[in-house]
Structures are given as C-alpha cells and as structure tokens.
Amino acid sequence: MRFFAPAKINLALEILGKRPDGYHNLDTIMQTVGLYDIIDIEKNSDNTINIGCNKDLNCSLKENIIYKSIVSFFNFTKIKNKGLNINVQKNIPICAGLGGGSTDGAAVLIGLDKIFKTNLKSKELLNIASKIGCDVPFCLFGGTFRATETGIKLEKLKNIPSCYFILVKPNLKIITKNAYEKFEFYNKNYNFDIKKILLGIEKKDSLEISKNLFNRFEDLLENKDKNIISSIKELILKYGALNSSMTGSGPSVFGMFKNLNLAKNCLGNIKKIYGESFLCESLCFSYLIKK
C-alpha cells in the first residue's frame, strides 16, 4: 500500500517559555502543503522490519521516527506478526523545519492501522502519535491547526484560502537545542499577538494572514544564519510574494502567493541560487492513500 505524506509549514510560531519538564510551551499555527514523501508498506512473512530509503537519514534505526512509529503501534495493538517491508522516497528536505520526519511517522501509523485492520479510533492514534514526536499528532490530520503546549494540543481551524507556497531550504544546519537555550537569555521586545492571524484565518482573508506571518526562532538564529534567512526572504518578496517567513526552527523559508504565475516565476529564479526549492499548494487534508 502506498501513502503520500505531505510537508507542513508554520504560519506563526511563538515560544511562550520553558516548562518544568524541560520542554517549551509553544503557540503555533501549522499548515499542510503539497510536497510529499512517498511511503510503500507491505507485510512480510519472516517477522523482520526492513526500512529502505533513497536518502541517508543520518540516524540509527532505533532513532528513526518510522521505526519508533512501528514499535509504538505494535506495543499498543499487541500484534504478534511484526514482519514489514517499508520503502521511503524522501522528497521533503531532511532537518528542514518542514515536518518530514513527523509526517512519515504519522503516515506509517495510518498505514499500519489499515494494513493490519486494527480500526483504531482517532483518540487512540493521537495517543500513540503524541509519544513519538510533537508534530506527529498534527500530521495525522493535516489542514490548518493551532497547536499549543509542546505542539500536541490541537485546535482545528478553518482552512486557509487556497494559495501557493515557495519553499526554500538553504544549506544551513540549525541546532534547535541551541536556539531554545538562547531563548532563556533573550529579551523579547514584544509578545506576538496570534489573534491577528487567527482573525485572518477566520475571515479567510489571505492578505490578513500573510501580513501576520511570524516565527520567533528567526530572532534566535546566529547572526550569519539570520543574514542568510533574511536575504532569502527579501528575494522571495522581490518576486511578488505576499509575505515570507521561516518555518519550524529552520532553516527552510517559505513565501506565500495568491498568483500561480508569480509563484512559478519566483521558483524559476530562486532555484538557480538554492537548488532545494519547491512550489506547492496549501492543503486541507493529510494523506492520499493508494492501494
């Protein structure tokens, strides 16, 4: 069975503070976009778990979020025959702030539920997903959601008006842990008012949404990285984007467009500089399943 696992972007992302458990509370609006990893899943009879991928995921098997999803699913369902062959075609850049690992983990959960016919309820899938990674619960559903706490408390929002996004992944390595550590000593000039973008979403007003894009992580970058991110945003705006922002903890940047021709022109120009650039649409759902 084949699954198409879409990327996500953060239209808004504020860090609220550190929690007693060491994690941070966030307030973020996440949006599914049409850039997909392709995952093929089938049972095997030799009771082994085999995971193949067209790219090096730079982690051990047990650190792999797909493997974590498999183990969590089998632990929850108590299934005995655990033989699986999984092949992943990675199209979403790795460690990019685009949720590539989380969406793969969520797709595998949904896939195993269908293949083993366990018919898990949404609450049960969410329970498993929340133990795998903070963005995995959102990736189960897709569309437009507000996520709070560590990202696992979800509120469904109206779907944003149909639009296009240019995604740009520069050759930067952002260490999320370092950014969070920097936040502890960061003096915020203001608290981002997420109500403005929520109102834009409620009104389905693309301009109101776009002018309130925000990501606190941009303030926490090292200066050299911040300059690169700023230059990409300026370039995207030059080619007609409504606005531009970083997604997740970076380093990917996105530009929001209403006009497809402008978006195509932007992609054609920006791809000459940044090879990992993509054009995709906003989505109101998560997984396309092909038997």
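Each Cβ is built from the backbone N, Cα and C atoms, and glycine gets one as well.
Annotations in TrEMBL come from automatic prediction, not curation.
Same-chain residues at least 6 positions away in sequence with a Cβ under 8 Å from that of Lys8 (active site) are, in sequence order, Met30, Gln31, Thr32, Val33, Leu98, Gly99, Ser102, Thr103, Asp135, Phe138, Cys139, Gly142, Thr247. Mapped onto three states, the DSSP output places Lys8 (active site) in strand. What TrEMBL records for Lys8 (among others) is active site.
Asp135 (active site) falls within neither a helix nor a strand when secondary structure is assigned with DSSP, and so counts as coil. What TrEMBL lists as active site is Asp135 (among others).
The ATP binding site feature in TrEMBL is assigned to Pro93, Ile94, Cys95, Ala96, Gly97, Leu98, Gly99, Gly100, Gly101, Ser102, Thr103.
Annotation comment: TrEMBL describes 64-143 as domain 'GHMP kinase N-terminal'. Over the domain 'GHMP kinase N-terminal' (64-143), the average per-residue pLDDT in this prediction is 95.
The domain 'GHMP kinase C-terminal' annotation in TrEMBL covers 202-271.
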For this session: For Pro93 (ATP binding site), list the number of other Cβ atoms lying within 10 Å of its Cβ atom.
Result: 21
Exercise. When the domain 'GHMP kinase N-terminal' (64-143) is classified with DSSP, how many of its residues are helical, how many are strand and how many are coil?
Worked result: 44 helix, 6 strand, 30 coil
Exercise. Quick one: which residues besides Pro93, Ile94, Cys95, Ala96, Gly97, Leu98, Gly99, Gly100, Gly101, Ser102, Thr103 have a Cβ within 8 Å of the ATP site's Cβ centroid, in sequence order?
Worked result: Ala7, Ile92, Gly248
